[in-house]
Amino acid sequence: MEEHHCCMYSKMASKCSISLIVISLTIVLMARVLYVIYRCGKPFPKGASQSLSTLIVLGSGGHTAEMLSLLSVLRKDRFAPRFYIAAATDNMSLQKARSFEDSVADKNAGKEASSQFMQIYRSREVGQSYVTSVWTTIVAIAHALWLMIRIRPQVILCNGPGTCIPLCVIAFLFKVLGIRWSSIFYVESVARVKKLSLSGLLLYKLRIADQFFVQWPQLQKKYPRAHYVGCLM
């Protein structure tokens, strides 16, 4: 009987220890998440490198045109090297990005090109069933993780395509885990006048974006943490 009680006490002590470890890890993780959210948006430290490796997420339709318009006014030497990513089924965006980089290279004759072009799997194609999209979503997340480990960007620029979500979420997790600190800058599309896109809403509500910009004043009133910058096109 005494042996039975000892065994029970031992099991209870073991369960308590495991519970304490889980609770402790949860508290540490939550504290780290809160710190990352607090730290997001702060300027780069004084010792930061002069050039920042930059990941640029492109999207079909007007997303790429808007992004290239934004890039045209940025300091190319500051945001370099540049890594362009578009969906695997979107060839036009990368072609436009290559043309843009060629024009930059022509203006800076003699300087070595500092850009790379990549594609990423989409979680779900237009018209794809939700059942089959479960597998493609897993593949897309794994591919996004591999790309983020490979690139390890210091800056991420995006403006709405759905392909930016897994990349930004992984970047946020990297911050929490102390793997890499990537500053995420999100510029909502000029087409969004009264409400945010789904990508923008997720990044805003989850506080994943370090800086969030909108191009219409009514959006800034509706989402006060956003910065109104006027129409960029």
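A Cβ is built for glycine as well, from the same backbone N, Cα and C atoms used for every other residue.
Record features, source TrEMBL:
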TRANSMEM  18-38  transmembrane segment
TRANSMEM  50-74  transmembrane segment
TRANSMEM  130-148  transmembrane segment
TRANSMEM  154-174  transmembrane segment
Stretch with greatest number of CB pairs under 8 Å, the transmembrane segment (130-148) reference, 18-38, 50-74, 154-174 candidates: 154-174
Outside the transmembrane segment (18-38), six or more residues from its ends: residues with CB under 8 Å to it: 172, 175-176, 207
Using a Cβ cut-off under 8 Å, which residues of the same chain at least 6 positions beyond either end of the transmembrane segment (50-74) come close to it? 44, 80-87, 90, 92-94, 96-97, 100, 151-164, 167, 182, 187, 189-191, 232-233
